[in-house]
Amino acid sequence: MFLFALMIAVVAYLIGSVSTAVLVSKKMDLPDPKTYGSGNPGATNVLRSGNKKAAAYTLLGDAFKGLLAIGLARCLTTWLNLPDYTIALAAVAVVLGHMYPIFFGFKGGKGVATGFGVILAMSFWTAFWVALIWATIAFKFKKSSLAALVAAAGAPFVAFIVIQHPYHPSWGWSLMAVGALVIVRHRDNIKRMQAGNEPDVGTAAAPAQPANPVAPVAEQAPKTEPQKVEQVVVLQKNARQS
């Protein structure tokens, strides 16, 4: 039984390892999301490219990974009569795959959308309340990362309340593990929020600034030449008068 559960978890990890942000960006001729903004290959950072459609595709794709992995795990658990912790293992595995994808050098996203897909596949009403928490915080404070942190921390408690018998409590424990992973992956965001540098939702990525700007020199050059010409003309006039 455990061997089958482990195999399903491996499949879930591989599903999570497909980086939607990178693939969508390549398809739509956008820069690699790891090269601008926060450097995170996720929907929020793709939105900073200014392409809302690409961000929407990334969000849906990442959420679908979690939905697919848990949907597959639930089907196989029923078909093979596997223990419920199979689904819990798959939940953690697909989020780990998104965060540390084997196909993209183990440099992935922060697991928010994929984690939401996991919750949606487990329990619609749990997903509803978690989404409401995220939307409330994001709307009030304009910080996607803060909303993700609060939602990740609250998801396990909502799950323990909503997901009741006959579901196994391991589902709730798995969401606690997923929430902890999401919070750890947001440690840089936490530092930026403490420093007051965390960008708001939808803020465009700032373009790179040149190390030695030459614009001021170019602006001053035309101004000095006319001054020299005027001085020469005045000297010539004075010489003629004398």
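In case you wondered, yes, glycine gets a Cβ from its N, Cα and C as well.
What TrEMBL annotates here:
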- 54-73: transmembrane segment (TRANSMEM)
- 85-106: transmembrane segment (TRANSMEM)
- 112-134: transmembrane segment (TRANSMEM)
- 146-164: transmembrane segment (TRANSMEM)
- 170-186: transmembrane segment (TRANSMEM)
- 197-231: region 'Disordered' (REGION)
- 204-221: compositional bias 'Low complexity' (COMPBIAS)
Quick check for me: are there 3+ Cβ pairs below 8 Å between the transmembrane segment (85-106) and the transmembrane segment (146-164), leaving out pairs under 6 residues apart?
no
In the same chain, which residue numbers or ranges, 6 or more beyond the ends of the transmembrane segment (146-164), come under 8 angstroms Cβ to Cβ?
110, 112, 115, 119, 122-123, 125-126, 129-131, 133-138, 171-173, 175-176, 178-179, 182-183, 186, 189-190, 193, 198
